[in-house]
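Please read the structure below before turning to the comments.
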Amino acid sequence: MTRRMDRRQYAQVYGPTTGDRVRLGDTALVLEVDRDLTVYGDECVFGGGKVLRDGMGQAAGAPPEEVLDLVITNALVLDQGGVTKADVGIRGGRIAALGKAGNPDAMAGVTPGMTIGPGTECIAGEGLILTAGGVDSHIHFISPQQAYEAIASGVTTMLGGGTGPATGTNATTCTPGARHVALLLQATDALPVNIGLLGKGNAASPEGLAEQVRAGAVGLKLHEDWGTTPAAIDTCLRVADQLDVQVAIHTDTLNESGCAEHSIAAFAGRTIHTFHTEGAGGGHAPDIIRVCGEPNVLPSSTNPTRPFTVNTVDEHLDMLVVCHHLDPSLPEDLAFAESRIRRETIAAEDVLHDLGAISMMSSDSQAMGRVGEVVTRTWQTADKMRRQRGRLPEERGDNDNLRIRRYLAKYTINPAVAHGLSHEVGSVEPGKLADLVLWRPALFGAKPELVLKGGLIAWAQMGDANASIPTPQPVVARPMFGALGRAVGATSVAFVSRASLEGGAVQGYGLAKRLVAVHGCRGLGKKDMRLNDALPRMEVDPETYEVRADGVLLRCEPAARLPLAQRYFLF
């Protein structure tokens, strides 16, 4: 027996299917479902009188190794590879498969390995968008509370450096020295996110740098406040090449030890991740943005300049003074701060993101950036470009799928690839850690509905705990069981260097989190940045600061209004 349903009714019951379109929050961005892996008429739905009952959608007697621990039914999976309607199966804290879940004895087309049994929990994904947990690659570990803000926003992996509110950490993302690396790995062991630490990379001799990597650092950070000279750049990159870790860099704003071309020469074609590539966050003034045209450079932005608005320039001066230990009464300190803030390059940054020439987005947490706004600022930038530049010429169909996938990749798969984590996190693929974020479309980019860590709900929108049901106000983001006790260690990862694992250093720290070595950090290039691999020929006018890509002037107007803003955060 068959029954016909119109699209609206079907979407209300089972979620959108192929060809349906969904608006993201209050943005101008519209996604369209590319394909549906579920089976019409045999959809999995949980609840009273619904499908997932014993002998119906739930199998009896299936081998335990084939039964899912958790199924997310009928979710709209948004990933850098496309937009797919699917059941998502999780087993052992990892994504087992995307496809059709259920009881193969009673249902058609059940994907192998996606059997629902008595050991299976269910999350109803109908009408929800599912993405990978975000990867923030520019964390100043100033306060541990950042982790809670990050996971509440949909970020599940934090990479960076620091030792707390020390003056050095307030300015630089470095965890200097083997002892600090060990202590910070131990201190962050209780935080419900994946962690990776960057050691200090500023030295003209390699011994101190290698020591930090062998203690567990997943990379090294070169920062101008510690002296980013050509000699330090070369030494740091040599150590990174030997030990297979990434190098992140904040270049010399004052051009004291060299200009942009000198740093590019010191890179010598070797892989390097350039932080806040536009330059307001730091870097050769006024033309560090030129590195967007270098094939060995992996460029990222931090969120203080994202997107360019009528308030962006005014906001930056005070932030710079505080973060970089400047004295506003000293003319030279004020000149240093003002040299980094340029309307023209900030405007160009918007356009370069839209072209896919800046590949990643990050926070610069508590050091000019806001750790809980990486996701929001990314989608605000995408919306601004959609409104000001129109549809991308490469788009197909009446949707913004390419632009949406491009911006999603900036805070998921691309930082994971850049830092050697993509075998574990960064996308919704079988075998990867089940760090997943579920969104109501109306709240997409602003407030996640559920955040899963290693397949267990760690954060969620939750109502009054003394209420009779979960939904009474105030409904706010709250920690769940995945963020508590020994579940944190069972569902999260401490990323370390391979050298530290092989040398046995990190095994002695007594960490509850699983130790995972980064790998494949060297030999990467812009070509490896998914949907963000554009390599334009870059020019910056030293007098007017105008930026051109392939001869085209990059210009856009500052936004006076943004989506995903005050209407979402009244309380």
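Placed from the backbone N, Cα and C atoms, the Cβ positions cover glycine too.
What you are looking at is a predicted structure, and each value in this text was computed from that prediction instead of being measured.
Lifted from Swiss-Prot, the feature list:
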ACT_SITE  HIS324  active site, proton donor
BINDING   HIS138, HIS140, LYS221, ASP364  Ni(2+) 1 binding site
BINDING   LYS221, HIS250, HIS276  Ni(2+) 2 binding site
BINDING   HIS223  substrate binding site
DOMAIN    133-571  domain 'Urease'
MOD_RES   LYS221  N6-carboxylysine
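Locations of recorded Swiss-Prot features on the structure.
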| residue | record | DSSP class |
| --- | --- | --- |
| HIS138 | Ni(2+) 1 binding site | strand |
| LYS221 | Ni(2+) 1 binding site | strand |
| HIS250 | Ni(2+) 2 binding site | strand |
| HIS276 | Ni(2+) 2 binding site | coil |
| HIS324 | active site, proton donor | coil |
| ASP364 | Ni(2+) 1 binding site | coil |
* Compute the centroid of the Cβ atoms of LYS221, HIS250, HIS276, then list the same-chain residues not in that set whose Cβ lies within 8 Å of it, in sequence order, for the Ni(2+) 2 site. => HIS138, THR172, THR173, LEU222, HIS223, GLU224, ALA248, ILE249, THR251, THR274, PHE275, GLY281, GLY282, GLY283
* Tertiary neighbours of ASP364 (Ni(2+) 1 binding site) (same chain, Cβ under 8 Å, six or more apart) -> HIS138, HIS140, PHE275, HIS276, GLY281, THR302, ASN303, PRO304
* Asked: Can you count the other CB atoms that lie within 10 A of the CB of HIS138 (Ni(2+) 1 binding site)?
  -> 32
* Inter-residue Cα distance where the pair is HIS223 (substrate binding site) and HIS250 (Ni(2+) 2 binding site), in Å -> 5
